[in-house]
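Peer 1: Below, the features straight out of TrEMBL:
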- B:Ala494: site 'Determinant of potassium dependence' (SITE)
- B:6-22: transmembrane segment (TRANSMEM)
- B:58-76: transmembrane segment (TRANSMEM)
- B:82-103: transmembrane segment (TRANSMEM)
- B:134-159: transmembrane segment (TRANSMEM)
- B:171-190: transmembrane segment (TRANSMEM)
- B:245-263: transmembrane segment (TRANSMEM)
- B:275-301: transmembrane segment (TRANSMEM)
- B:361-383: transmembrane segment (TRANSMEM)
- B:500-519: transmembrane segment (TRANSMEM)
- B:531-551: transmembrane segment (TRANSMEM)
- B:600-620: transmembrane segment (TRANSMEM)
- B:626-648: transmembrane segment (TRANSMEM)
Number of protein chains: 2
Amino acid sequence: MESMMIWMPIAMAVLGLIYMWIKQSWVMKQDAGDGKMKEISDYIYEGALAFLSAEYKLLAIFVVIVSVALAAVSFIVPTTHILIVVAFIFGAVFSAFAGNIGMKIATKTNVRTTQAAKTSLPNALKVSFGGGTVMGLGVAGLAVLGLTAFFIFFFWYFMGSEWTSTMDMTIVLETLAGFSLGAESIALFARVGGGIYTKAADVGADLVGKVEAGIPEDDPRNPATIADNVGDNVGDVAGMGADLFGSYVATVLAAMVLGNYVIKDMGGSIADKFGGIGPILLPMAIAGAGIIISIIGTLLVKIKDNSAKESQVMGALNKGNWTSIILVALSCYGLVTWMLPETMKMEFFGEGLQEISSLRVFGATIVGLIVGAVISSVTEYYTGLGKKPILKIVQQSSTGAGTNIIAGLATGMISTFPSVLLFAGAIWASYAFAGFYGVALAASAMMATTAMQLAIDAFGPISDNAGGIAEMSEQEPIVRERTDILDSVGNTTAATGKGFAIASAALTSLALFAAYVTFTGIDGINIFKAPVLAMLFVGGMVPVVFSALAMNAVGKAAMEMVQEVRRQFRDIAGIMEGTGKPEYDKCVAISTKASLKEMMLPGLLTIGFPLIIAFAPLAFGMDKLAIAEMLGGYMAGVTVSGVLWAIFQNNAGGAWDNAKKSFEAGVEIDGEMTYKGSEAHKAAVTGDTVGDPFKDTSGPSMNILIKLTCLIGLVIAPILGGHTIDENDTTEIVEIEVVSNYEGISGGEDLNNKTETTVEMLTNDVNGIVTANVEIRKTVNGKTTVTTETFTGTEDEVRDQLKDVEGIKIKIKDKN
Amino acid sequence: MESMMIWMPIAMAVLGLIYMWIKQSWVMKQDAGDGKMKEISDYIYEGALAFLSAEYKLLAIFVVIVSVALAAVSFIVPTTHILIVVAFIFGAVFSAFAGNIGMKIATKTNVRTTQAAKTSLPNALKVSFGGGTVMGLGVAGLAVLGLTAFFIFFFWYFMGSEWTSTMDMTIVLETLAGFSLGAESIALFARVGGGIYTKAADVGADLVGKVEAGIPEDDPRNPATIADNVGDNVGDVAGMGADLFGSYVATVLAAMVLGNYVIKDMGGSIADKFGGIGPILLPMAIAGAGIIISIIGTLLVKIKDNSAKESQVMGALNKGNWTSIILVALSCYGLVTWMLPETMKMEFFGEGLQEISSLRVFGATIVGLIVGAVISSVTEYYTGLGKKPILKIVQQSSTGAGTNIIAGLATGMISTFPSVLLFAGAIWASYAFAGFYGVALAASAMMATTAMQLAIDAFGPISDNAGGIAEMSEQEPIVRERTDILDSVGNTTAATGKGFAIASAALTSLALFAAYVTFTGIDGINIFKAPVLAMLFVGGMVPVVFSALAMNAVGKAAMEMVQEVRRQFRDIAGIMEGTGKPEYDKCVAISTKASLKEMMLPGLLTIGFPLIIAFAPLAFGMDKLAIAEMLGGYMAGVTVSGVLWAIFQNNAGGAWDNAKKSFEAGVEIDGEMTYKGSEAHKAAVTGDTVGDPFKDTSGPSMNILIKLTCLIGLVIAPILGGHTIDENDTTEIVEIEVVSNYEGISGGEDLNNKTETTVEMLTNDVNGIVTANVEIRKTVNGKTTVTTETFTGTEDEVRDQLKDVEGIKIKIKDKN
């Protein structure tokens, strides 16, 4: 059985997809309601489909360009294989397909949820959560299927399905990185594009509809209302799906890369029952188990009581969620002890090789699960209704929009305190348990329940849409009340889901970062080197500028929408009376066009910066390892700053949103009950306007920004002289020579005064270029100074140069 | 003459202070106007004095506590001398004194400016800029005087005024760091306390006075108006003065520390005409020259035309500023070529020793001057009236406060793009020119014109106050018009001054950071080590949380002020009719008390975090060098994130402010002229409310936060095992032993298969503790793995432990 373990994740993924298909058929069989409801639902479906089609067309061009570039690179750089292009394309297609599945089922489930809400709340939950489950399993199933299938294929193609060497496996995994890069690139555009779309439509609908025309939310007379509902689907559903698809793939990939290095640390090969690749298979196995566990989790989400309130619905979700987390912990224990050698050797930076028991790897996975759970609570504290920070923002709303804004900003900023301490503690702990392999497995364990998390996340916007359809199709108030309960719970899960997404992105980036350092073969990233420090600054700046671009994009797109809605109110006769029909499609078209246009610049920034940092100095002939270290500094800057700005923006946005919502039920300010429509409420609405792009556009994009940056680094790594010091390299060591030139006391070695030179000559099989690393250890009065020099060129050139190294006699001896 | 060079900076400082005294007498001799004006001016003076007295009382307690702690450390850590306490206290006192001089002259100059404005605009500029000049020279003179005097004293005390060794000089400079720490600690509280004060009073005066009671700015009926004007003096004048005092001292100190290491790199001593300490004296000499140059610069600031507009006033300031920058460049050339050896050896990290000409050091100073000039232009672009970003915010105000806020935030965020690229370029270039010594000298050259910069900065709030006095004492409109011209120019210079302060703080922090790494003797700061990376995250979070605390503090203090002003309007009969007299002093007292209370928590955060990071792991017995590296990661995190948040907050705040001001002259929105009182203007006022704490409280505090963090690191450095690997150390090398254990081919060395062990035993003179650094270089098939281990204990213990090192024969030989 053990030797078949490589097929297990695929089997689980297929099982998950089959279950998804069953669930999907069940959802589709549900009653889709009357004609009016169907009509509205169709509008939303078509709008969302129109956006996705337009987006995918644009992305297809992008994929072609990148594919050509990657192909060119694979011809120039011998360690990069052309198959990376195939992996990249499949990654992009799978990611788009996953987003598409989610969006389709969400737009089909919304109207069925409305219809189910006519009968009872338990039914409404069953349908809406069923839709979420389809989406969750679709994303997770495709991710595991794609990644594992490509791994098996490349493992066969490059290694004949048998362990040969770390170097060969590195080529397998580097080629596999193309799949992840494809997925994450699509995720970036889906998140940013979707985020701009949804907020532009939202702001447009609110500013003109609610504020200027004075009609309620989701009123069918509002021309932007369909676009607004479409936005929920393309932003919160398709965007989120692509985001987590990317995270999932990147996390598992990073853990596999680091697993490969565990094997290297253990001497280059291990004898286990899994063909010697247990540490590489483990993260995939955890992901596979996670799919089945998520199915079990979703089965537990149900309520019986038709008069249930938010807390009971939340309780049902929590039951499913916690059960799946506990099951993941158990399965991690089983898989770790089964698949890993009982004790392993692992390289700890600066501490050399250490022997650790496999149980410590299990410890690291527990760290990941704890971080996932705690970050959700932290997020809920800072953004939850009735919690202290929200009440404070509510109080500050009484003195106007200015103080409301300050309070919201401050809340988002303060929330970085526990979050960052948690991440810092997690990095430390998981590393202490099992090195960077531990960090990567912590992330893998946390992401194992992705399907469950997505089900919980996606049910929110579905319920939101269902409420909108109920309003637009003028249903009984009880229907809206029921969907409102689900929607309210969905808002909380949306906030905690964002916390989960940041935590996973932070850990994944670290794992990718570690994989990068190992791939390039640099000693580490020393920020005491001025160019590295400079790049740390530049990296820190990119998330800030990215956020600003995304926010400005929302502003621009919203302005266009506002003009269009105003025009329709002015030009279409009888629109306010309900006799004239708004041109919903024009608003949908504007949002689509504007968001696609505006997502270009932030995307370019993300992809362009690391490429410039890598290739501009390369063009000037700078040392490759120095460039690799600079790029590492850039990646660290993006990660640290990106995590901070993600937490800040998501939580500030969530807090403003719920501060505004607090007024709906009424809040006590200075001893007086205050409601919607009060001056304080207006101030809170202003805060929410600011918070919208924070929490739905720029904030969630940070995750992808940092992951994609690290992935680009990983794909560039082989170009930056990766592997040149790897033992299994195509580079061959010609000779190592130690020449000692003892000075001082004649007749004996004076160990306190001597000069010792080591020359390590490396030649590259492919183009015959020789690199000589010269290390001069000069000891004067017992104090040793080490200087290093590197010479590159043809073998003759290097030998010539070596002769000129001052003050040292060099014996040149031939290889054999 | 050359041997007397050490006295030159003191002579220049004394000259500067004499000129200050002459200028001060001239200002004080100017007419202080009529009874009403004098009365108001006295209120402001007394309010400011009351705040400073209360603040200094509190800070005295702080200074006592820190002094006791430092004294305790100096008893425990042999490399720290008790004199550091004396230096610390003097640093604190000098800083407070400098702030005090500035505040006093500012509050005396304001009314004289009003009076001078009655005669002509040129006179008003002469008086107000005269006051600024007094402040600038006071700060710069005291800084150079204090630092140089202590250096001369310590140089005599520890070294007998003659060069002995790098190690002895390190003790001199470490003790001198106490002066800088004292100055920067006071600066932190002055900036934060003053910032909270000024904004609490401002918001209180505006919210109740302008908005609720509908009376104009600076109306004498407003009880908070005196507090508001006091705030300008304690925040913008005393706070800014203490800030730049701290920057100035820290910059010069850092350059001196790095100059000491230049001497070390050159073999431990150099023969020059300056007693062998030319590279250490150079930064002080540049500072000394800067004082005289600043005096020349201030003499050029004058206008003749009574009908001059803002641009002419700005032109006069620019003339003085640019002249002094050019003169600094010339003097840098002269001093560098005169004081430094023609060619120097400098250690470049990872590249070994390099020979560089002294002209490259001059190149680095030019980089500093360019950065100072460019950053001011960048700041002006993003915050200047009539510039594109401001016009955009104005446009976005038409759709409400929400879009105004988004536009302002985005502007601040985008502005990090050119600023950070500029800093990154400056780090790179100045390092490429002359290593970290170059970075420090770039900062020194930039800061050389501090006196001039402060004069330009301080004249703004003086003119603002003068306008307030004109309003309160009900002068002719022409008086207010004239002071308004000066005030408007002052707003621009305030924004560019903030850019200058950030640039100087960024470069200074880098120099301190480099000094720290060199002090602790660590190899660098490798963020690929998980604990270091974790601390990079934590460091990145601190400026964000600090900003939030400062903003919340303003909110709380402002709330108390609002309540008090409301109470006075309610309780004091005839206040609105001008017959009842407001109780100004109560408002002053509230602002004072609240700001002092609220500055504690941010202060604690700044000081507490580095201490916890250093001492908590120390208590658990963690390796000192590992802790030093972690603390370095923390410092880097604070610096990178602090610089970003400083730029973001200062520029967003400045942009909102000027967007609001744009409405005063009228702006065109959608083809329509819009003025004060419009809906768009109200939205802009909301933006300004948010921007106020950004630009006057949390934003400017970032500078001090990052500098203080790096200084604390520098002072802690000796505790973290600094010097243990320094050649001139009190630690003595007992023995170095190389044991090679050749395996393989008998009868000959097999260089491809061998194990070589180096044991370096170090013993500390003071407590006899021995450290053995064991390096094992194991070569198998030509591939070398290096592992290192460290043993610490008594000599016998260490020898015992060494015997157990696996697989290696160790010969133990005695020292002699």
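Just so it is clear, glycine is given a Cβ too, placed from its N, Cα and C backbone atoms.
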Peer 1: Could you give the residue numbers and ranges of same-chain residues that sit at least 6 residues beyond the transmembrane segment (B:500-519) on either side and whose C-beta is under 8 angstroms from one of its C-beta atoms?
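Peer 2: Residues 170, 174, 240, 243-244, 247, 250-251, 254-255, 257-258, 261, 368, 371-372, 375-376, 419, 422-423, 426-427, 430, 436, 439-440, 442-443, 446-447, 453, 525, 632, 635-636, 639, 642-643, 646-647, 650, 700, 702-704, 706-707, 709-711, 713-714, 717-718, 722-723.
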Peer 1: Around B:Ala494 (site 'Determinant of potassium dependence'), how many other CB atoms lie within 10 A of its CB?
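Peer 2: I get 25 for this one.
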Peer 1: Looking only at the recorded stretches B:82-103, B:171-190, B:361-383, B:531-551, which one has the largest tally of CB-CB distances under 8 Å to the transmembrane segment (B:245-263)?
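Peer 2: Stretch with the highest Cβ contact count: B:171-190.
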Peer 1: With pairs fewer than 6 apart in sequence excluded, do the transmembrane segment (B:82-103) and the transmembrane segment (B:171-190) have three or more C-beta pairs that lie under 8 Å?
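Peer 2: They are in contact.
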Peer 1: Which one of these stretches, B:134-159, B:361-383, B:531-551, B:600-620, has the most C-beta pairs shorter than 8 Å to the transmembrane segment (B:275-301)?
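Peer 2: Stretch with the highest Cβ contact count: B:134-159.
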Peer 1: Is it the case that the transmembrane segment (B:134-159) and the transmembrane segment (B:6-22) have 3 or more CB pairs under 8 Å, with pairs at least 6 apart in sequence?
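Peer 2: The transmembrane segment (B:6-22) and the transmembrane segment (B:134-159): touching, yes.
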Peer 1: Is B:Ala494 (site 'Determinant of potassium dependence') helix, strand or coil when read with DSSP?
Peer 2: helix
